[in-house]
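*Asks:* This structure is in structure tokens; I'll ask about it shortly.
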Number of protein chains: 2
Amino acid sequence: MSLTAPLTLTTERVALDLGARSYDICIGADLLAQASSYEGLPASSAAVVVTNTTVAPLWLAPVRAALHERHRQVHEVLLPDGEEHKNWQTLQRIFDTLLEHGCDRKTVLYALGGGVVGDMTGFAAASYMRGVPFVQIPTTLLAQVDSSVGGKTAINHPLGKNMIGAFYQPRRVLCDLDTLRTLPARERSAGLAEVIKYGPIADMAFFDWLEGAMDQLVALDADALRTAVRRSCEIKAAVVGADETESGLRAILNFGHTFGHAIEAGMGYGVWLHGEAVGAGMCMAAELSHRLGLVDAPFVQRLRALVARAGLPTRAPVIDADDNAGRYLAWMRLDKKSEAGSIRFVVIAEPGRAEVREAPDALVREVIDACCAD
Amino acid sequence: MSLTAPLTLTTERVALDLGARSYDICIGADLLAQASSYEGLPASSAAVVVTNTTVAPLWLAPVRAALHERHRQVHEVLLPDGEEHKNWQTLQRIFDTLLEHGCDRKTVLYALGGGVVGDMTGFAAASYMRGVPFVQIPTTLLAQVDSSVGGKTAINHPLGKNMIGAFYQPRRVLCDLDTLRTLPARERSAGLAEVIKYGPIADMAFFDWLEGAMDQLVALDADALRTAVRRSCEIKAAVVGADETESGLRAILNFGHTFGHAIEAGMGYGVWLHGEAVGAGMCMAAELSHRLGLVDAPFVQRLRALVARAGLPTRAPVIDADDNAGRYLAWMRLDKKSEAGSIRFVVIAEPGRAEVREAPDALVREVIDACCAD
């Protein structure tokens, strides 16, 4: 597929092939208000839209109106906004609402919001009565290009990010590009981190394109965003279709995330946005790849420059004044890819191809020391 | 299979066929202390035994000793005993222990205890890092004949029983008949409720056998228990193998449970044991079947007599002095089988065959009025 193919105004569909659990990722403008966007989804008398206090004033009314054509009752759950609320207490509010309204096994949940709303709604759907259908309506760039696709759902635990969750696929993902027009600059940059990620791990042609299109992406240019969302979803769908439950390949999507999760946990959830931590984390993972002899210094510099142009931090925070590298290592040992206490890093084997490797603690400490802000 | 086949001292295996998720239910004496019982299960450096304060003094030491031959580290989580603890707060203690010990995705959980321990450990295994392997070692009759088999895991919500959970299969079920020798009389009777259940829904020859063997079962006779556990597991495995996620047939295993869950919730979890509520609930469901014109009065009387001989209540409690039937109906509308506010009951279509049906509220009220103690 050419990245410079003429753009159309029609809705594009990226298929995620998972047998009986296959679904489409629909990408287009003016999607969430159209009844046709929901055609073919499970029917039920009741629907519940889960969203947050930031997204609701912008997009809840049109979604409600469209859903009222499909469901007799449309309830809503308004969560507080922010990663620091991605915990059991907030999840419980979804269950409370479902039970207070007598929602049954056929009730359809709709996740309207960013990654936190999508992750929590997905886990609620996986667990309520042991599983009800749900639909992702991601309203942030990060959610459209990454978290809404592939069925990873979770909440955080005080001792680690996304530690409690399920692999549970949505029935559809509706990426309405209009929602990105209202995206705050910080959220936009956070989303671009996950877009950039797909280049080094899977597609250097896309990386080349991103270097040319970054100014337009930062300006939220509609055509550029459409291409970025579509190509990101294509890559993610291909990886997830090959390895749904991360027994192998899927781990490459975690490039930058092992360091990133340590940043998020070390700073306290919500201080750095997930995408900001991934931005700095990718620079660290690229530096590690270089010090393992896999990629050259200019490649690391190229990645760092693109991360910076996306408005993201390229240097990681000091999370412990006394033993910064030690604290990083301790958090990373809790990463879900770790096995028997050994941290497993996603490294760039060569530009456009990633793999999972262990690395000596001493080398990782050097990377942390080199990449952390003073 | 003849129910009167000569009994052997060897371990019997009942296969549950679920494709890649197939597993064996092993039934025999002196199983949990034998290293051979665990052969072929996933290897890992760490294991976590989840049990409760009642079971631990009896059976934790031999399980630990056997597991130390397979796992370098064997951690344990001791939960408080009782249905009233089957909630998120208690579940969190399992996650806390797993994270504090740095348990990874390969860690194997072992559920050593009754239905509450099994349901909670199973849901913890389903959710920890989005899924780790687990093994059921049921130590109550109820868990051996029902809850440990089939992968239903859950916790309770204040507004309903088993509302939050997952379908998640164990890698093996080890039914050690020796653990039943120490079973308190009340737990024994609660387990017999689920044994009796299999007769009216699936196998009247088994029901006939139970009428003859009930005195031995109440006396915890080893041969009688072995036959009861084996035949119960065979029926359950066949039903679950045909309908893992309860899209149809599996619902028949809930005979007596719609009324029973209302009893448990209405009285407050833990006041009546689950099996006690199912005992009275089966009498109510049989009475409903009779009033729907499906079975005759002598059949209802036969079931009631067997429930009574098992040491179980045949009359249901009054859960609301002002509007008892209304309160029952309100709880039952929250049952997971309900759809759009209509309660769906498992009824006996003819002795040995069950189906799911709706029933007029007025008729259900009559049944409640007729079956509740003054």
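Using N, Cα and C of the backbone, Cβ positions are placed for all residues, glycine too.
Per TrEMBL, the feature NAD(+) binding site maps to A:81-86, A:115-119, A:139-140, A:LYS152, A:LYS161, A:179-182. TrEMBL lists A:GLU194, A:HIS257, A:HIS274 with the feature Zn(2+) binding site. The annotation domain '3-dehydroquinate synthase N-terminal' is assigned in TrEMBL to A:77-188. Per TrEMBL, the feature domain '3-dehydroquinate synthase C-terminal' maps to A:191-338.
Walk me through the surroundings of each of these features.
*Replies:* Around the Cβ of A:GLY115 (NAD(+) binding site), the same chain contributes A:PRO138, A:THR140, A:LEU142, A:ALA143, A:ASP146, A:SER147, A:SER148, A:HIS274, each under 8 angstroms and 6 or more positions distant in sequence. Under the three-state DSSP scheme, A:GLY115 (NAD(+) binding site) falls in the helix class.
Other C-beta atoms found within 10 angstroms of the C-beta of A:GLU194 (Zn(2+) binding site) number 28, with every protein chain shown included.
Within the model, the domain '3-dehydroquinate synthase N-terminal' (A:77-188) carries an average pLDDT of 96.
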*Asks:* For the binding-site residues listed here (A:ASP81, A:GLU84), tell me which residue's CB has the most neighbouring CB atoms inside 10 Å.
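*Replies:* Most Cβ neighbours within 10 Å: A:ASP81.
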*Asks:* Do me a favour and check the Cα-Cα span between A:ASP81 (NAD(+) binding site) and A:GLU194 (Zn(2+) binding site); whole Å is fine.
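*Replies:* Spelling it out, the Cα of A:ASP81 (NAD(+) binding site) and the Cα of A:GLU194 (Zn(2+) binding site) are 20 Å apart.
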*Asks:* Given a separation of at least six residues and a C-beta threshold under 8 Å, show me what packs close to A:HIS257 (Zn(2+) binding site) in the same chain.
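*Replies:* Long-range Cβ contacts: A:VAL278, A:GLY281, A:VAL346.
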*Asks:* Fill in the CA-CA distance, A:THR179 (NAD(+) binding site) to A:GLU194 (Zn(2+) binding site), as an integer in Å.
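*Replies:* Cα of A:THR179 (NAD(+) binding site) to Cα of A:GLU194 (Zn(2+) binding site) measures 18 Å after rounding.
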*Asks:* List the residues in the vicinity of the Zn(2+) site, defined as same-chain residues other than A:GLU194, A:HIS257, A:HIS274 with C-beta within 8 angstroms of the site's C-beta centre.
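*Replies:* For the Zn(2+) site, the extra neighbours are A:LEU142, A:ASP146, A:SER147, A:ALA193, A:LYS197, A:GLY256, A:GLY260, A:GLY275, A:ALA277, A:VAL278, A:GLY281.
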*Asks:* Give me the CA-CA distance between A:THR182 (NAD(+) binding site) and A:GLU194 (Zn(2+) binding site), in Å, as a whole number.
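*Replies:* Here the two Cα atoms are 19 Å apart.
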